[in-house]
Amino acid sequence: MVPDGDIKDQKAPNKLVPNVPISTEELREIGICYWKLDALAYSYPKIAVPWDPSDAVNPDLNCLHDDHGYSYADIITVHPDTLPKYETKVRAFFEEHIHNAEEIQYFLSGSRYFDARNRSDEWVHMHVKAGDLVTLPEGIYHRFTVDEGNSIHAMRLFIGQPVWTPFNRP
């Protein structure tokens, strides 16, 4: 990803030229795990807070739920029609932050950029789309934004009661 000072539009691709791809193995080295599921074969509500992950009919999602002990979920849609103060919130999501718990997100439709810091403190820029499931470990700096499509429908999964407090980077 281009350096922060070169970003003119957070919703644009902002790729390095030439682009430097990263493999799923390299993502795992910094603690990020990635799965591809078939999100479009199943239907989910636009917004459900909370949503019981045991209600999933997708067998792959059920397997992850069982293997990792996800006991709580919510489903959100980040779109101008569903999120009050949309532009303000999208700018806030792009603030670099950490959480004191693992972050698990499953993307049901739409697309967005998800950025995380690698071991050299450089951004890894991921364009996530429907079917992508990404986990970030506790304490990894990250941020996200919608892309130019201005919409993402996502499920957030938690072990136990959700802790969703962001701690912005000083």
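Keep in mind that glycine also has a Cβ here, set from the backbone N, Cα and C atoms.
TrEMBL does not curate its annotations; it predicts them automatically.
Per TrEMBL, the feature Fe(2+) binding site maps to HIS97, HIS99, GLU103, HIS142. As annotated by TrEMBL, Ni(2+) binding site applies to HIS97, HIS99, GLU103, HIS142.
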Other CB atoms within 10 A, centred on HIS97 (Fe(2+) binding site):
16
Among all chains shown, work out which of the binding-site residues HIS99, HIS142 has the most CB atoms within 10 A of its CB.
HIS142
For GLU103 (Fe(2+) binding site), just count the other CB atoms lying within 10 A of its CB, please.
23
